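Here's what Swiss-Prot has on this protein:
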type: ACT_SITE; residues: His327; note: active site
type: ACT_SITE; residues: His372; note: active site
type: DOMAIN; residues: 20-131; note: domain 'PH'
type: DOMAIN; residues: 312-456; note: domain 'PI-PLC X-box'
type: DOMAIN; residues: 532-635; note: domain 'SH2 1'
type: DOMAIN; residues: 646-735; note: domain 'SH2 2'
type: DOMAIN; residues: 769-829; note: domain 'SH3'
type: DOMAIN; residues: 930-1044; note: domain 'PI-PLC Y-box'
type: DOMAIN; residues: 1038-1169; note: domain 'C2'
type: MOD_RES; residues: Tyr753; note: phosphotyrosine
type: MOD_RES; residues: Tyr759; note: phosphotyrosine
type: MOD_RES; residues: Tyr1197; note: phosphotyrosine
type: MOD_RES; residues: Tyr1217; note: phosphotyrosine
type: MOD_RES; residues: Tyr1245; note: phosphotyrosine
Amino acid sequence: MSTTVNVDSLAEYEKSQIKRALELGTVMTVFSFRKSTPERRTVQVIMETRQVAWSKTADKIEGFLDIMEIKEIRPGKNSKDFERAKAVRQKEDCCFTILYGTQFVLSTLSLAADSKEDAVNWLSGLKILHQEAMNASTPTIIESWLRKQIYSVDQTRRNSISLRELKTILPLINFKVSSAKFLKDKFVEIGAHKDELSFEQFHLFYKKLMFEQQKSILDEFKKDSSVFILGNTDRPDASAVYLHDFQRFLIHEQQEHWAQDLNKVRERMTKFIDDTMRETAEPFLFVDEFLTYLFSRENSIWDEKYDAVDMQDMNNPLSHYWISSSHNTYLTGDQLRSESSPEAYIRCLRMGCRCIELDCWDGPDGKPVIYHGWTRTTKIKFDDVVQAIKDHAFVTSSFPVILSIEEHCSVEQQRHMAKAFKEVFGDLLLTKPTEASADQLPSPSQLREKIIIKHKKLGPRGDVDVNMEDKKDEHKQQGELYMWDSIDQKWTRHYCAIADAKLSFSDDIEQTMEEEVPQDIPPTELHFGEKWFHKKVEKRTSAEKLLQEYCMETGGKDGTFLVRESETFPNDYTLSFWRSGRVQHCRIRSTMEGGTLKYYLTDNLTFSSIYALIQHYRETHLRCAEFELRLTDPVPNPNPHESKPWYYDSLSRGEAEDMLMRIPRDGAFLIRKREGSDSYAITFRARGKVKHCRINRDGRHFVLGTSAYFESLVELVSYYEKHSLYRKMRLRYPVTPELLERYNMERDINSLYDVSRMYVDPSEINPSMPQRTVKALYDYKAKRSDELSFCRGALIHNVSKEPGGWWKGDYGTRIQQYFPSNYVEDISTADFEELEKQIIEDNPLGSLCRGILDLNTYNVVKAPQGKNQKSFVFILEPKQQGDPPVEFATDRVEELFEWFQSIREITWKIDTKENNMKYWEKNQSIAIELSDLVVYCKPTSKTKDNLENPDFREIRSFVETKADSIIRQKPVDLLKYNQKGLTRVYPKGQRVDSSNYDPFRLWLCGSQMVALNFQTADKYMQMNHALFSLNGRTGYVLQPESMRTEKYDPMPPESQRKILMTLTVKVLGARHLPKLGRSIACPFVEVEICGAEYDNNKFKTTVVNDNGLSPIWAPTQEKVTFEIYDPNLAFLRFVVYEEDMFSDPNFLAHATYPIKAVKSGFRSVPLKNGYSEDIELASLLVFCEMRPVLESEEELYSSCRQLRRRQEELNNQLFLYDTHQNLRNANRDALVKEFSVNENQLQLYQEKCNKRLREKRVSNSKFYS
């Protein structure tokens, strides 16, 4: 964090004064790029929750941010928020911006104080508070988190919480309350007064809840193998862990060297003691406090020694390091339409990235711009980017930054680039070699705080080394076009691209962004969509019954209300509300004022709509002679769905399926009442298939799945119109008779939207593979006679997915026997995903593609008069009779000409290769001034496939597909080249969604700059973050010395591989998992070894239903042992998924670590979101044990591997005999016999391996005790 104030020099009393001023609050001006006029707000720090809040009035907070999420505090007017209000004069030294968040794109709070003193106080105070928040102990963070929960239901910051409020909070924090009695019993147990908990009681409730849910984990410390034996764990204070027991646990089980110092152990224990009376020379932890310690970040699996920079490792040549590298750094989203921003450069540099990319194009006023050429990504000023790099390059890391320049500028604008580099960077810019006579690259230490330019360089004769093959596909037609939808009779906007004589198009852009477009609803109709509006209620008593039932369930808050149409007076309404334990009614009258209908409760205050009247009295008290009251909770209308076009009261499942099958668009849906029950079903279309999901009633709520609660079906539909219901599908097309009629009229056009033309069903590719086949992820030994035993990699056929986590299947000679579902993965799903990947491999729109037109089958013509209210239209007319024409439109005549010409060249078979060559020839001039700035990173293309005799001053860039080809053919040659020269690898152009490729094999072959899309939250970016967490997050990680030995082979044959380590993992439990959508999480954990292909392996736990707050897998979860060949180049990865109502996994959180940085013992695994940002208090508890494999044991492990491979072959051969009757069965008996012998031998070998691990552990525990 960067400020102009050195807070470390402040005395403690000065820090306290500053914090007190921030707590009292300051009136400041808030700027936002979304608003043209700045606003005055009171900004203050809420110390109890560690949040910055801003408000217009004292009783209503408008917004807040968590201090722990602050990434930067930037002095001055250095954010785009200030740009819209340039007319407002604010002094530079009074302004500052807080950048915060847990996504790649950060949020901003831009403020202007009234004085420089106030601004300095806030800059200093926020830095102090951020340091304190980042260093806070886990118990302190828990207390702050509990305060947030109380304040979330009442902003007055009272010190208590009611039973009704607690019932509301628990589902929001991922815990399902089993019954109302459960909470009431807990209140009695804690000693609550009148259904109200004080904060201290709420804290006690939390501690009891977490302990009771997870106390079985402590059974691990009652075993003989434990280094100390724990006593009774029935209650949180039933027994204790004493000082010397805790020290023994830390030294022998956790292998913490610092624990030799008893004072440090005492200090660690004191942080977790919830009673100052026990903070003595001989402290002890109650068992619930010990359990909290196990889950805490103080007990993290991460070895904190890697947080420091190892300066001894920073003196090798640059080519010996992996260097954190970004692709198209300026982008904040996809490669086609997203925003470019200097903030993306700042974010990457502050994340430790050391190689960033600048895509430079000619801009106005002779100054370049940066954007992704020939796309709709926004343009940013080159000069702004250079200044941002200068300001932030060395904040996180002092080691060199490489600027990879993608050059598209004219010579004149290149000269401006060179000038800007020299003027802005000054001495930071590297302009000459560090050593004139060197024969290798300099080290990171030698290049400290230097900026290196990677750019084409003029040769001795002024020539440029450029390979035309690299550019041949770059100049292609792409952009936005309108397509005429003859079914909906409207133009829809799509992103389109031409490649290989095919036109690919994306989803309708308006539909992908529709939630951002506000609907234009007349003010007089605004109340129609509100849940408090009940239209006509048959009788006054019916309204009273609704209110009474709602208040009985929720606790009866005064002001609970509903609005209904008046039974007696036309245009009037009735307000019914709850006060002092009974229902009262008020008439909302109407009157004409100046020709406009107005509504009122009191004569002196009228409103233009019912909505405005209700909103007013929800914020302001309604005052009458007898009472004063503000409207609070709305009573939802129980049946608003009955008037909706998507609802069917009497429709069978078969009729619903028939209707959906006639509408070939994903997102089509209807809801129907199920026959003979008080439940409903939603029927929808997704991925070309019709699916159903039951909607149950729970009191007044509608429940989708097991824990997604909605007040009404209307609310359910509204929610899933904005959020994904299944995979990425949102509800889009209500199935109505009118929609069915339109589709029946236009059947031919359906083929355009039929994704099956683009994706092939897996069964068509491999029909011999049964649809219900799974692959074993790990060995399993049967514990009962009706269970299967199998080895890792086994294929289990004819699987029946039974409920309860146990499936049935066929393996070898065992037919329809049980096995645990978490030991396998469904290979039909994996095959389908791989198939999708293969089919979109060469598509210019990648995964965004939703349709393809083969231009060779069409003729292109213009529509001179335009069509359907569009002026610039061209039509693809099919050459084959009977196919429908496809109509396109553009906004400008120039765009129409470009698209028409591009398509006509294809349809007329014009070879454009010569034109492309001329285009690039014309654009290859290099400014001498820019060429002179290139010292070490000179790109070479003409000879880059030749990996012999590397020149350390050159760099070779490969697209991922080319790099993959080199690795398959000559991995050792690439490794040896990288020992002296540099390589940079970047994503293929088809990754328009900014997805990433697997970087591991490239790292394995020594590629230094493996450029990824930092803005994308995916597995490979998470692995990248894990790798560069090493060495103090400098962005430079020294490759293992073994990679530079003569005999090292990155892809060794199987005969040369040796297991060097076994890693045993057991997942015990989790806390505070994040919540997706409306449902309470049903989590499971996938544990994976990521590395070379021969190291890759994974394991899944079972699913825990409806508990994301405190799920456990102990004591039933077994330990899993992974065999690792190369621990220096492998990662341990934990991914937490939730299983949704369709049994699909959805990502919740992850934690990925280089195995060398993993600690042994019972360890907390702090969890991160997709962007590798910490999730408050979220963690796993695991047992982890690493053991080197001795030479004498290698033969045993080798025998296991050979037997596993043979068992896979035998199982597949047996399956062929059993499924193909025409095969001769002469050899079947011999196969069965060999299979049985091998299976027994494999189990024997595996038991020997496990026995050795157990013996070592038991002998160790006896020694320690």
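Each Cβ is built from the backbone N, Cα and C atoms, and glycine gets one as well.
Sequence-distant contacts (6 or more apart, same chain, Cβ under 8 Å) of His327 (active site) comprise Glu357, Tyr986, Pro987, Ala1011, Leu1012, Asn1013. Here the domain 'PI-PLC X-box' (312-456) sits against the domain 'PH' (20-131); at least 3 CB pairs are under 8 Å, leaving out pairs fewer than 6 apart in sequence.
The domain 'PH' (20-131): residue composition by secondary structure is 33 helix, 46 strand, 33 coil, according to DSSP. With helix defined as DSSP H, G or I and strand as E or B, the domain 'PI-PLC X-box' (312-456) counts 47 helix, 30 strand, 68 coil.
Most Cβ pairs under 8 Å to the domain 'C2' (1038-1169), among the stretches 20-131, 532-635, 646-735, 769-829, belong to 646-735. The Cβ neighbour count for His372 (active site), using a 10 Å radius over every protein chain in view, is 22. Assigned with DSSP, the residues of the domain 'C2' (1038-1169) fall into helix, strand and coil as follows: 13 helix, 59 strand, 60 coil. Helix, strand and coil counts under DSSP for the domain 'SH2 2' (646-735) come to 19 helix, 36 strand, 35 coil.
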